[in-house]
Amino acid sequence: MESVLNNEKAIVVFSGGQDSTTCLFYAKKHFKEVELVTFNYGQRHDTEIEVAKQIAQDQGMKHHVLDMSLLSQLTPNALTQHDMEITNNEDGIPNTFVPARNLLFLSFAGALAYQIGAKHIITGVCETDFSGYPDCRDSFIKSMNVTLSLAMDKDFVIHTPLMWLNKAETWKLSDELEVLDYIRTKTLTCYNGIIGDGCGECPACHLRQRGLNQYLESKGAL
């Protein structure tokens, strides 16, 4: 299967974070041609867009940045509101959840894939370290794959290489791709906008660091 994929084109939904950057290198390994798409939806930190641009430049990859600022107008959430504290809502879903974000992102990624002739769409969503985001579920992705293909009469394939990996396993994958140190130092996962190991205090940093420690312990590197 890999040899077939190597002759095809893919687009990666790319934020400059650990997961999507791991997907970038996964795509580079498995596809002949890869482009990136980043969505500017009014994130708390402009740094996220700049990090994505820098990584794309480092890797010499064509990078599309699309304006999705409408998202921040639809609903208040801690990913777009600078003065909102990050907490869990009554239903257990963190207030970092942006309703319909992945629905819209994959729709626009599909439209772009159609225009550039890419059959494959790669996204870093994951159920294993599940924050409660309903649009990260495997069932949603499978449904979206069918919807995009029907909507544009194209046989798209949405790939989720991290879907069943926990954070330690995601670090393992990056190590197998020989980019662990690059991802550790160059990506932005921190909700407080600090590149690399981050602030060490926010939920995203805790999850990332715990996974890294677990992986390094498993290989005897700590």
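Backbone N, Cα and C define each Cβ position, glycine as well.
Copied over from Swiss-Prot, here are the features:
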type: BINDING; residues: Phe14, Ser15, Gly16, Gly17, Gln18, Asp19, Ser20, Thr21, Thr22, Cys23, Leu24; note: ATP binding site
type: BINDING; residues: Cys190, Cys199, Cys202, Cys205; note: Zn(2+) binding site
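When the binding-site residues Phe14, Thr22, Cys190, Cys199, Cys205 are compared by the number of other CB atoms within 10 angstroms of each CB, Cys199 has the fewest.
In sequence order, Thr189, Tyr191, Asn192, Ile194, Gly198, Gly200, Glu201, Pro203, Ala204, His206 are the same-chain residues whose CB sits within 8 A of the CB centroid of Cys190, Cys199, Cys202, Cys205, the residues recorded for Zn(2+) being left out. Remark: of the binding-site residues Gln18, Ser20, the most isolated position is Ser20 (fewest other Cβ atoms within 10 Å of its Cβ). Of Gln18, Ser20, Thr22, Leu24, all annotated as binding-site residues, the residue with the shortest Cα distance to Cys190 (Zn(2+) binding site) is Gln18. There are 26 other CB atoms within 10 A of the CB of Leu24 (ATP binding site), with all protein chains counted.
When the alpha carbons of Cys205 (Zn(2+) binding site) and Gln18 (ATP binding site) are compared, the span between them is 11 angstrom. Sequence-distant neighbours of Gly16 (ATP binding site) (same chain, 6+ residues apart, CB-CB distance under 8 A): Thr38, Glu48, Ile49, Val51, Ala52, Lys53, Gln54, Ile55, Thr187, Leu188. Ser20 (ATP binding site) falls within a helical segment according to DSSP. In sequence order, Val12, Gly124, Thr187 are the same-chain residues whose CB sits within 8 A of the CB centroid of Phe14, Ser15, Gly16, Gly17, Gln18, Asp19, Ser20, Thr21, Thr22, Cys23, Leu24, the residues recorded for ATP being left out. Ranking the binding-site residues Gln18, Thr22, Leu24 by the distance of their Cα atoms from the Cα of Cys199 (Zn(2+) binding site) places Gln18 first. A separation of roughly 19 Å, to the nearest angstrom, links the Cα atoms of Ser20 (ATP binding site) and Cys202 (Zn(2+) binding site).
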